[in-house]
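Undergrad: Mind looking over this structure? Questions follow.
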There are 2 protein chains.
Amino acid sequence: MKIDMTRYLPILTWGRDYNRSALSNDLVAALIVTIMLIPQSLAYALLAGLPPEAGLYASIVPIILYAVFGTSRALAVGPVAVVSLMTAAALSNIVEQGTMGYALAALSLAGLSGIILLTMGLFRLGFVANFLSHPVIAGFITASGIIIAASQLKHILGIDAHGHNLLEVVISLTQHLSEINWITAIIGILGTGFLFWVRKGLKPLLQRFGLSNGLTGVLVKTGPVAVVVATTVAVWAFGLADKGIKIVGEVPQSLPPFTLPSFSTELLGQLLLPAFLISIIGFVESISVAQTLAAKKRQRIDPNQELIGLGAANIGASLTGGFPVTGGFSRSVVNFDAGAETPAAGIFTAVGLAIAALTLTPLIFFLPKATLAATIIVAVLSLVDFSILKRSWNYSKADFSAVLATIVVTLTMGVEVGVSAGVGLSVLLHLYKSSKPHIAEVGQVPGTEHYRNILRHDVITTPQIVTLRVDESLYFANARYLEDKIHNRVAGDKKIRHVILLCSAINEIDLSALESLEAINERLNEMNVKLHLSEVKGPVMDRLEREHFLSQLSGQVFLSQFEAYEALKVLPNA
Amino acid sequence: MKIDMTRYLPILTWGRDYNRSALSNDLVAALIVTIMLIPQSLAYALLAGLPPEAGLYASIVPIILYAVFGTSRALAVGPVAVVSLMTAAALSNIVEQGTMGYALAALSLAGLSGIILLTMGLFRLGFVANFLSHPVIAGFITASGIIIAASQLKHILGIDAHGHNLLEVVISLTQHLSEINWITAIIGILGTGFLFWVRKGLKPLLQRFGLSNGLTGVLVKTGPVAVVVATTVAVWAFGLADKGIKIVGEVPQSLPPFTLPSFSTELLGQLLLPAFLISIIGFVESISVAQTLAAKKRQRIDPNQELIGLGAANIGASLTGGFPVTGGFSRSVVNFDAGAETPAAGIFTAVGLAIAALTLTPLIFFLPKATLAATIIVAVLSLVDFSILKRSWNYSKADFSAVLATIVVTLTMGVEVGVSAGVGLSVLLHLYKSSKPHIAEVGQVPGTEHYRNILRHDVITTPQIVTLRVDESLYFANARYLEDKIHNRVAGDKKIRHVILLCSAINEIDLSALESLEAINERLNEMNVKLHLSEVKGPVMDRLEREHFLSQLSGQVFLSQFEAYEALKVLPNA
């Protein structure tokens, strides 16, 4: 068997046609993204409970590996807010933050997550992510954003606090509120305020000066760099570090180190579920960004190859001092808007970050943690969006319940329980709905061969024929319900001689349902009523032909409901 | 609000019309069932790891409470094989068999199970049992029967052994095989052989002597009583108890005692999952028997009231020295065949058993445990039936996988994990199937208004129109799949101007799917292709009208596919 290498190594496709124009576009994009990523990487390391350099390391090798294996041309891979929060939540349950064991566990989490993603990709299991419904994701991102913002308040106020859900964080903040460090608070609040203004106020201002939409967008995204420079200089110049303000401190000048994650059985057991959830959430976030950007240039994203790309990136993160990564929304959009044409832009970004890790780290010695917290808060609050609650309330109470449960459980019990509750409830509600299917009695729309619900349309019916359209596949969860429904409809009406099951909406009949149909056929036969089927779909019919049911059926199977009705209405009424 | 008491107290209905003919029929049935139940109750107590009298107690008050609250006229409630095995499996994990704590935990398990059943009944949650598919139940019963039979071999051979799955039992038996007690083994093997002969050989013999089918059935079921009497007398007469044969020993002469279950939080936490599984399995077993027997007399069973009846019975068991009970197959069939007309037969049976508990217990002092084991083995081996494997293999590989997983996991890991694995796998396979729905491209069947798959039928199509019939409801798990499918079909074919989604099989569109439809509409629009819907069902249309989608739709919504095709095929091809 010849393996198409370009499928597993997309770099072979875009690399072949690489030219000077793409090179210059990619270089410009890489420069802008690098500047934006320096503060963002440090901030997300802080959020994940890790030393700042881990954020830089997690952005270097992973971005290169994704460039080799990934299918998106614009996706930028690295630490992102929600996954960093989930990392902190997973690790804090196991080891104490700030210890070597914590950093080691972060490597293991990234490695495990990488293996999970890679395995899912190789076995083409990308569909698993589909079980995260859009409303559940929206609710989860909103709730996570709130928790992240709340958890960063401690850095803004210069106090100690902890917790991985909103309740814990708020209680802990309240308890330590008296220890507030006012200098930290002033820097934190000013920084946050400035960044909000950059988002809301600066963009219109720049546009009024005639700058293009794309360029203002990029400029606005580099706002954090300005705050970083200003507050670092202020702390250094006024000696604020001696006044209790917490700073980043010494960061090693080094390329990403070679690291080996721990794979002790106990640790793996504890990390397996969090790693799975991080993989799925990271994959869903990443693929959504990738598909949005690809659609704008009519490019194709292969979900299973994306799993491989993200898996490789996470394994890379675990081997080079990082932590779990995925394709980030804001960094990818900046990359795209700045004109990146190929994943080479990602490789150049990695080079830029490597240079920064080697040379610039002494410059951030005096960078206040409050500044990083401010950049996190402003970034995540843009994710918070409660409109999904209103929309789902209007459209479907089942979707609404799933969103509400996701938000409430995430806020009160943390990210892992929250997303599991959302997925679990969506699946249960879906099963519940299909366990009590809509069953319509239908009649002929006059002058057509078309049959519709007798309660909604003016249709023609005949007393001795009842046609029931079951609006659901028949399977174990609703098999008994159908038995009851048909029994109840026929038992009271002595005129009925024929029951036609209009099967146009029945996409599957499993063995439980087949046994129920046999029981229905037998019971109707005892009441001297014949059971017919119409419009049975090809795949369903194929399956029925493997069993005895069709030979036991008291009535016939008709290709169309019209044929069935025409044939049966002329039969003698006996 | 006036509450219809007869709904919650079915005894008010049948009690009102009670007459002398019913009385004499019920008395005869009760006598036969009582004789049959004495050895069976003792045996199932042994299986559950409890003293023999617990089996009698579990058959007295529960049967009366079911008679008051249950809707089946013939169901006999008490200890049954599978539930007794599940009881032993649940309790042995927590307390040591033979201790007071074990009996107390059995009361708690019954009480908790009763509360679960009662709650499910009051909240009308009977549908939960539907998630146990027929094949999974069949596989579970078969595997349980094998485990039970194997676990009883220790009594037959007079050795010590333990274990709650086949592996453990077989290993334990092998280890102790050298300790075999030959007298016990002879009695056990002869007893088992005799009982098998009663089932297979005696029935044809009696029928040859002209006895009616019903009477032979009843006589055969009392076979165990003969073995009990014979072996008890033998042990007493030949002083076999001194030769190492294990006997039932002293059983108190007493009515069921008043007992209070322990409800310590720790115990309840450990028992909650087993109690839930026991409730569901017990309910499914009971309702299947009840419905089979009711159908023969055209009576109705109300599943939710059955939950209340079984809940009351289990609470009764927990308050009177019993253990979890449910409606049993063999005892109910004997009751029915012996002519029971109303639940009063159950009340008379309870009286009979109470008299037995008060007076007959000294007579079973010398009853060998091997005899009870023999009755259990013969009873449960009739439950073992592997034909479901073959049937499901032929019909559907998904059903087959669920059965196989249930059997294998139950045998190797025990009943609780086994049934959970079966249910979990069925649900996952169902979701998986619906996440990759069958999507057929359809065309007009010549001379009709009917549209079928172009790959299966000779149909008429038009190059600029593609009609896709999605054979599944659209929901989160398959929303993205539809996006990909439509994109792939349209992207390569420049002639296409209209895509019609034939929605006859779409029973629901949830919010995730709606968002996907919006994305599809937008993308098709960019390619200058219009999206139309046809045959949208009423409930789905109602829902769509609450959102903006219909106003954004580039095409139209048609009542029937025929109308859609007629309208679009005459449009200019632009």
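Placed from the backbone N, Cα and C atoms, the Cβ positions cover glycine too.
Annotation comment: TrEMBL describes B:27-48, B:54-69, B:76-95, B:101-123, B:135-153, B:180-198, B:218-238, B:271-295, B:307-325, B:345-365, B:372-389, B:401-429 as transmembrane segment. Sequence annotations record features per position, and here TrEMBL assigns domain 'STAS' to B:455-574.
Can you walk me through where each of these features ends up in the structure?
TA: Residues 54-56, 58-59, 76, 78-81, 84-85, 87-88, 91, 106, 148, 151-152, 155, 218, 221-222, 224-225, 227-228, 248, 323, 330-331, 334-335, 338-341, 345-349, 351-353, 356, 360, 364, 367, 369, 371-373, 375-376, 379 of the same chain sit 6 or more residues outside the transmembrane segment (B:27-48) yet have a Cβ under 8 Å from a Cβ within it.
Remote same-chain partners of the transmembrane segment (B:101-123), defined as residues 6 or more beyond its termini with a Cβ less than 8 Å from a stretch Cβ, comprise 48-51, 54, 58, 87, 90-91, 94-95, 259-263, 267-268, 271-272, 274-276, 278-279, 282-283, 304-319, 321-325.
Within the same chain, residues 47, 81-82, 85-86, 161, 163-166, 169-170, 173, 281, 284-285, 288, 373-374, 376-377, 380-386, 388-389, 392, 399-400, 402-404, 406-407, 410-411, 414-415, 418-419, 422-423, 426 sit at least 6 positions outside the transmembrane segment (B:135-153) and bring their C-beta atoms closer than 8 Å to a C-beta of that stretch.
Tertiary proximity for the transmembrane segment (B:180-198) is limited to same-chain residues at least six positions away from its ends with a CB under 8 Å from its CB atoms, namely 155-159, 220, 223-224, 226-227, 231, 234-235, 240, 243-246, 368, 370-371, 373-375, 377-378.
Panel annotation: around the transmembrane segment (B:307-325), residues 8, 10, 45, 48, 50, 53-54, 57-66, 68-71, 77-80, 83-84, 86-87, 103, 106-111, 113-122, 125-126, 256-261, 275, 278-279, 282-283, 286 of the same chain, lying at least six beyond its termini, place a Cβ under 8 Å from a Cβ of the stretch.
Residues 82, 85-86, 89-90, 131-133, 135-136, 138-140, 142-144, 146-147, 164-167, 273-274, 277, 281, 388-389, 392 of the same chain lie 6+ residues outside the transmembrane segment (B:401-429) yet bring a C-beta within less than 8 angstroms of a C-beta in it.
Residue counts of the domain 'STAS' (B:455-574) by helix, strand and coil are 52 helix, 22 strand, 46 coil (DSSP-based).
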Undergrad: Which sequence-distant residues neighbour the transmembrane segment (B:218-238)? Criterion: at least 6 residues beyond either end, Cβ under 8 Å.
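TA: Cβ under 8 Å, 6 or more out: 32, 35-36, 38-40, 187, 191, 194-195, 198-199, 202-203, 206, 211, 245, 247, 330, 334, 337-338, 363-364, 366-368, 370-371, 374-375, 378.
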Undergrad: Would you confirm whether the transmembrane segment (B:54-69) and the transmembrane segment (B:345-365) meet the contact rule of 3 or more C-beta pairs below 8 angstroms, pairs 6 or more apart in sequence?
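TA: Yes, the stretches contact each other.
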Undergrad: So if I exclude everything within five residues of the ends of the transmembrane segment (B:76-95), which remaining residues of that chain have a CB under 8 angstroms from its CBs? That is, six or more out.
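TA: For the transmembrane segment (B:76-95), the nonlocal Cβ contacts are 33, 37, 40-41, 44-45, 47-49, 55, 58-59, 62-63, 66, 70, 101-102, 105-106, 109, 140-141, 144-145, 147-148, 151, 162, 164, 267, 270-271, 274-275, 277-278, 281-282, 285-286, 309-310, 313, 322-329, 331-332, 334-335, 346, 349, 376, 379-380, 383, 414-416.
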